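Among the features that Swiss-Prot reports, FMN binding site is placed at 72-77, 123-126, 169-178, 204. For 296, 552, 614, 615, 620, 621, 622, 623, 624, 656, the entry in Swiss-Prot reads NADP(+) binding site, with the evidence type sequence analysis. The FAD binding site feature in Swiss-Prot is assigned to 451, 452, 453, 454, 469, 470, 471, 486, 487, 488, 489, 694; the stated evidence is sequence analysis. Per Swiss-Prot, the feature domain 'Flavodoxin-like' maps to 66-221; the stated evidence is sequence analysis. The feature topological domain 'Lumenal' is assigned by Swiss-Prot to 1-8, with sequence analysis given as support. Here Swiss-Prot flags 32-695 as topological domain 'Cytoplasmic', drawing on sequence analysis. Annotation comment: Swiss-Prot describes 9-31 as transmembrane segment.
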């Protein structure tokens, strides 16, 4: 028998742990809820404090026969849930309600009435994990010993009365693609629930999420109509919200929200705990450009969280709450005929008691569009189609109908240009769509979402200050006449310009209300919160680490190296620390080059930085090529139980690195490719292979 080396032993241990996981169903290491994501009260509707957490009771009280649950991290799944609720109501007469999974308890789901239906719109987050708001529900429903009020066991098929529909949101560049919806579907089926139609799956990695959703929902509605004896009717717009102008109020009134995220912020008394529902208005204490070449800028910012009671750990994420650019706000208001009413005060209320108003109210049209609505996102075909009834003339209506019904035509005219809703309508006609109800715009557009960035500092070195590293997005798509500009990165660049003395910052021609609502962000402040990540250094600093981070993928690894240098300075035994970093040219976009030299001096031969410059030679060289060239080093460190980390592009780089690592293991150990692939998978499941990637 061949002698087992360290990596083989690690794999053997993982197999044993995996077996235990199978038989305990994760009881001892269930996915923890984000400790930084303290739940905040909903603005309207939902299961507020003091309200029932019994979904069946809630449906009976409000006369609903269809509940659409969502597990959402960035708002997309919530948006799809709202769209399904609206369509079910308008086309089929269903009495629908949208429900946040964390607002309810599920011990009585075995009493779900046979004449009702539940939808589950589930995003998969990170490495096959539930979104923050779905953690408790998922742990309950997928548990081996799931217990319902009736006391029935899984063998008794306790959910036999539950009819359900599922749609999953995922990204095929991640290993655990659609894990949530697939695992949920399996759990519900095991418990006897009856799925109606196919389990839908939308793929963000392939860029087909919207079309996947549209293709799935039509046969789903057919199946649901048959199962519940529904009759389709002509869909007529029925507002979910009432929007009324209030002439008794002006923007100067203290009761009016002008962009503040919460009542406390509006009243000038913000207080913690700060979370995804309640950001901290943090001062930016330093900002600079790491490089500025041609069409690209890269920012480094230091954000103070002193006095906020916010904390972070090295490897966590910071969320930046952006503001829409003034030019896009003006365009939107002009397209919908609201330019002259931008400062009119409006009240927004849910017509249905279960409707959750996504915007603080009262507010103004300008504030709603500038601070609360995702107006700069690519528009969906379905949303464009809903505007046909409100077109300014018949010719425009015919074009809108064609765009909404012809997938290829929409792709050619709208998707290829990455048009926002306002740009799409401007491409059809110069006439304003003044007849579109503002309620329809609130319903059809997502709430403006925070953007997450890998923290590029060590909490050990600077616990009250968070570093971020971000490339400013400004991209010209092939065939497009305009630049696609990142909402948040250009906002950050404007803040940097202002902080560094520019009296009128206008990155890529964009301007922002930098001082924020009622000048509350004056002095260069930005709303933030912190999100926990499992992307962490090993607890034993002597353990080797291999990091692969091209471009801004280097961000968390700056924090890792910063921390190891600090530990070494304290006399700790620090293990081999290897970074594979890639960029275009060493004299163009090699960020933190001087800083890394300092860390090299501090860590000596414990730190090795291996670079890949893709544009310096005729043959492009990427980090995966350097990884293969240093296969002996990689293999040696893996035998020493090294942790392996990847940060950056999921679609190409991360996939290639995963493939190359398997090839290195196979080559160095004389193993079949299939066995090496299994070893990489076991590294992932054990936590010794970690990714922080995006597409």
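Yeah, the Cβs are placed from backbone N, Cα and C, and that goes for glycine too.
Here the candidates are the binding-site residues 469, 489, 620, and by Cα distance the one nearest residue 75 (FMN binding site) turns out to be 489. Cβ neighbour density within 10 Å is lowest for 471 among the binding-site residues 123, 471, 487.
The CA atom of residue 469 (FAD binding site) is located 20 Å away from the CA atom of residue 126 (FMN binding site). The binding-site residues recorded for this entry are 171, 177, 451, and the Cα of 171 lies nearest to that of residue 620 (NADP(+) binding site).
Around residue 177 (FMN binding site), taking its Cβ as the centre, 16 other Cβ atoms fall within 10 Å, counting all chains. Residue 622 (NADP(+) binding site) sits 19 Å from residue 471 (FAD binding site), taking the C-alpha atoms as the reference points. On a Cα basis, residue 171 (FMN binding site) lies 27 Å away from residue 614 (NADP(+) binding site). Mapped onto three states, the DSSP output places residue 624 (NADP(+) binding site) in helix. According to DSSP, residue 489 (FAD binding site) sits within a helical segment.
When Cβ neighbours within 10 Å are tallied across all protein chains shown, the highest count among the binding-site residues 296, 451, 620 belongs to 451. Secondary structure at residue 171 (FMN binding site), as computed by DSSP, is coil.
Over all protein chains present, the Cβ of residue 72 (FMN binding site) has 24 other Cβ atoms lying within 10 Å.
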